[in-house]
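Read through the structure below, which is laid out as C-alpha cells, and then see the notes.
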Amino acid sequence: MAMASPAIGQRPYPLLLDPEPPRYLQSLSGPELPPPPPDRSSRLCVPAPLSTAPGAREGRSARRAARGNLEPPPRASRPARPLRPGLQQRLRRRPGAPRPRDVRSIFEQPQDPRVPAERGEGHCFAELVLPGGPGWCDLCGREVLRQALRCTNCKFTCHPECRSLIQLDCSQQEGLSRDRPSPESTLTVTFSQNVCKPVEETQRPPTLQEIKQKIDSYNTREKNCLGMKLSEDGTYTGFIKVHLKLRRPVTVPAGIRPQSIYDAIKEVNLAATTDKRTSFYLPLDAIKQLHISSTTTVSEVIQGLLKKFMVVDNPQKFALFKRIHKDGQVLFQKLSIADRPLYLRLLAGPDTEVLSFVLKENETGEVEWDAFSIPELQNFLTILEKEEQDKIQQVQKKYDKFRQKLEEALRESQGKPG
C-alpha cells in the first residue's frame with residue numbers, strides 16, 4: 001500500500017529541522033528574501049542538542065510560538081572604507097619580525113666550480129720609484145708615497161706589504177687575449193705611435209650665436225641620432241664616447257645585487273653597502289657612451305665612468321686624454337680636471353677620427369708637495385743632490401776615458417810618417 005504524501009502545510013512526521021519549512025514556504029509564495037547579516041546574537045547562539053523526547057518537542061514548540069517566527073531586524077553596518085590604490089598588495093609585518101629576502105636575491109648564484117680560483121700567480125714584481133709623484137695601490141686603493149712594487153708584465157702596482165695579499169693572477173698568463181681589442185673597437189683604427197703635443201693657446205669663449213651655429217653644423221654631420229640640444233639658458237647637452245685603455249686592474253665591490261631602476265633614480269650607492277672587494281681586468285679599448293652637459297668637467301666624467309662600472313678606486317688614479325689622429329700618428333694630450341669635454345667635441349665635430357677621448361691610468365700626475373712633511377722634503381733634496389753628483393761623476397769618467405784613448409793614440413803616432 002502506497003503512502004500518500006502529506007499536503008503542503010501538514011507535519012505528519014516529527015521533523016527536527018523546523019526552521020527550513022518557513023523558508024521553503026516563502027520561496028513558493030514569493031521571491032526569496034536575502035538572509036539577514038550575522039550579528040553578535042546569532043554568532044553566540046548555541047543550538048540545542050537534537051532529541052526525540054516529547055517534552056523536548058513541546059518546549060521547542062512553545063519557544064517558537066512565543067517568538068512568533070519573527071527574526072530580529074538586521075543591524076545597520078558601517079560602510080566599508082575604500083582601499084587606496086596599491087594598499088591591497090601591501091604585506092604587514094609583525095614588529096620585530098625578520099625582514100623577508102629581496103626578490104632580486106634569487107638571481108645571485110654561487111661561484112661556478114668550473115671557474116678556477118686565482119691565487120695571485122704569474123706576477124714578476126720589481127721595485128719602482130714613481131717618477132711623477134705618488135701613485136695608487138691596485139689592491140688596497142691607498143696612496144703610494146715612497147717605495148712600491150710593480151709587475152713588469154701586467155703593471156700591477158702595490159705596496160710591499162700588500163704583495164702577499166694579492167689573489168688576482170697576472171693577465172699575461174692569458175696569452176695574447178689581453179692584447180686583443182674589444183669587439184666594439186674593431187671600428188676604430190689603432191696606431192702604435194705616441195707623440196706629445198704642445199699645449200694649445202687659450203681661446204676666447206664663443207658667443208651664444210656662435211654656439212648655436214656650431215650645434216646646427218654638428219647635428220647636420222651627425223648620422224647616429226646623437227646630436228646636441230641647446231637650452232634657453234645657453235647650455236647644451238650631448239653624447240661623448242670614451243675609450244677605456246686600462247692595463248691595471250680595477251677594484252669593485254663583491255657580492256652585491258644588480259642595480260635596479262629605483263637605485264638609479266635615487267642615486268643609491270650600492271658600493272657602500274658592503275666591505276667586500278674584488279679586482280679584475282677590464283677589456284682593452286672598451287667604449288662607454290655618456291650623456292653630459294656643456295658644464296660637465298673632466299673630473300665629473302671620470303667619476304661618472306667609475307660609477308657606471310661600480311669601481312671603488314680613487315678617481316685620482318685615472319686621467320682623461322684626448323686622442324687626435326694626424327698624418328698616421330696618434331697625438332695624446334692629458335686634459336685638465338677643469339676642461340669641458342663636450343665643448344671639445346663640439347669644436348672637433350662628430351668624427352672620432354679627428355678627436356676621441358681615452359681613459360687611462362694617471363701615471364704622469366703632478367707632485368703634490370703639500371702632502372709631504374718638512375723632513376720628507378729635506379730627504380728628497382738629499383737624494384736629488386746625491387743623484388746629481390753621481391751623474392756628474394759618470395760624465396767626468398766618460399770623458400776621462402776619451403782623453404786617455406786620444407793621448408794613447410797620439411803617443412803611438414809620434415815618430416811615424418804622416
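Backbone N, Cα and C define each Cβ position, glycine as well.
Going by Swiss-Prot, these are the annotated features:
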COMPBIAS  77-89  compositional bias 'Low complexity'
DOMAIN    274-364  domain 'Ras-associating'
DOMAIN    366-413  domain 'SARAH'
MOD_RES   S182  phosphoserine
MOD_RES   S279  phosphoserine
MOD_RES   T352  phosphothreonine
REGION    1-118  region 'Disordered'
ZN_FING   122-170  zinc finger
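Around S279 (phosphoserine), taking its Cβ as the centre, 19 other Cβ atoms fall within 10 Å, counting all chains. A 10 Å cutoff on Cβ-Cβ distances gives the residue listed as 'phosphothreonine' a total of 19 other Cβ atoms nearby, all chains included. Residues belonging to the domain 'SARAH' (366-413) score a mean pLDDT of 84 in the model. Cα-Cα distance from S279 (phosphoserine) to T352 (phosphothreonine): 31 Å (rounded to the nearest whole number). Classification of S279 (phosphoserine) by DSSP places it within a strand. Helix, strand and coil counts under DSSP for the domain 'Ras-associating' (274-364) come to 22 helix, 33 strand, 36 coil.
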